[in-house]
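Listed in TrEMBL for this protein:
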- 26-296: domain 'NADH:quinone oxidoreductase/Mrp antiporter transmembrane' (DOMAIN)
- 32-51: transmembrane segment (TRANSMEM)
- 63-84: transmembrane segment (TRANSMEM)
- 96-118: transmembrane segment (TRANSMEM)
- 125-145: transmembrane segment (TRANSMEM)
- 157-178: transmembrane segment (TRANSMEM)
- 185-204: transmembrane segment (TRANSMEM)
- 210-227: transmembrane segment (TRANSMEM)
- 247-266: transmembrane segment (TRANSMEM)
- 338-358: transmembrane segment (TRANSMEM)
Amino acid sequence: MLSMMPFGFLFSFITFLGSILSLSSIHWLSIWVGLEINMMGFIPLLIYRGLTMETESSIKYFIMQALGSSMLMFGSLLSFNLSLSWEAWQYHTSPLGLTLIILSLFLKLGAFPFHFWLPEVMMNLSWLNCLILTTWQKLAPVFLLTAMTQSWNHQPIISTLFIMAGLSSLIGGLGGINQTQIRTLLAYSSIGHVGWMTFCALTSESALKIYFIIYTLISICLFANLWTSDIKSFRHIGAMKNENPKINQLTLIFILLSLGGMPPLLGFAAKWTAISFSCIISSPALVFPLLLGSLMSLFYYLTLLFSMTFSSSMTLISSNNHQTQNLPGSLNIMLTPAILIINFAGAFLVLGMISMSVDFI
């Protein structure tokens with residue numbers, strides 16, 4: 001994709017640079033600048049094909065991100081008015097400013113109660129842009145949220161964030177039920193995972209790092225498989241446009257089950273990490289709404305599995321709106337076992353590391 005787009009690698013570099021600038025900054029002004037650079041680099045990637053639907057999604061994305069940046073700047077100005085300092089992690093700050101900053105980060109993440117824009121934007125994007133939107137674009141906001149909660153221990157706000165994390169997971173589970181468009185389903189799945197990331201941000205930075213790395217790894221495997229298969233919807237299940245459709249179907253369903261947290265796959269290890277750290281640091285009861293949302297997500301993934309297994313008359317509808325971009329046959333053959341090994345062997349590896357760390361603590 002990037003090789004087909006003029007200055008594609010330049011815009012990708014700008015996108016990554018903006019996030020790194022925000023994460024390495026200690027002043028609100030430079031954090032805001034980094035988020036703006038990230039947005040300005042990502043928008044050209046959204047509209048590179050010139051399709052009307054992609055342009056519409058990019059406009060929606062721009063409006064929501066601009067609104068989030070405005071809230072972030074206004075909140076930081078309120079904090080500056082109280083302390084006369086742009087330093088981000090100082091203890092004395094305005095409660096209203098802190099609230100606006102947190103809401104701006106939730107808006108940029110697409111978490112509850114600002115989740116409504118993510119499915120609308122993601123449903124018309126290419127697979128690579130979906131991958132960037134659900135992984136890299138969450139990096140700076142979620143780790144900024146972690147730094148804020150560790151620096152400012154306002155208990156009412158922390159309690160509210162726990163509630164919002166649980167509601168994000170529930171929205172992600174409920175919204176994905178009865179979805180036929182795969183991009184929309186994955187958008188709601190991303191909302192649910194943002195709830196888990198927020199919970200990890202409130203309990204342990206180590207748990208957040210492990211969860212984010214595992215989620216990113218599973219997402220890369222998933223979108224690589226979807227790009228290879230050129231799938232658009234779940235309207236019919238059974239046939240895929242590639243050289244090994246049955247193998248790719250099996251690989252796809254294992255990735256989806258891993259994303260839903262099915263044991264003993266890699267996604268289960270991520271959720272087990274969050275639960276383990278929550279039992280050590282906070283109340284285990286706070287995990288209940290997150291688990292309920294994950295069970296609903298796993299339900300529609302298992303429904304898909306049963307449809308693929310027991311229905312021979314159904315077919316997977318492929319996208320005919322653009323030219324298929326299949327990977328070379330040799331690379332496709334190498335991709336499938338690599339994905340399966342990552343999901344199975346990686347789960348036992350991570351669980352072993354978690355048990356060792358818990359015993360150490």
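Each residue, glycine too, has its Cβ placed from N, Cα and C.
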Among the ranges 63-84, 185-204, 210-227, 247-266, the one whose Cβ pairs under 8 Å to the transmembrane segment (157-178) are most numerous: 185-204
Region pair the transmembrane segment (210-227) / the transmembrane segment (125-145), three or more CB pairs under 8 Å: yes
Top partner of the transmembrane segment (96-118) among 32-51, 125-145, 185-204 - counted as Cβ pairs under 8 Å: 185-204
Chain residues outside the transmembrane segment (125-145) and at least six past its termini with a C-beta under 8 angstroms from it: 1-2, 15-16, 18-19, 22-23, 31, 34-35, 38, 42, 45-46, 49, 54, 57, 102, 105, 108-109, 118, 183, 186-187, 190, 194, 197-198, 201, 208, 212, 215-216, 219-220, 223, 226-227
Contact set, same chain, for the transmembrane segment (32-51): CB under 8 Å, 6 or more residues outside the stretch: 1, 4-5, 7-8, 11-23, 25, 57-58, 61-62, 65-66, 69, 72-73, 76, 108, 124-126, 128-129, 132-133, 137, 140-141, 321-322
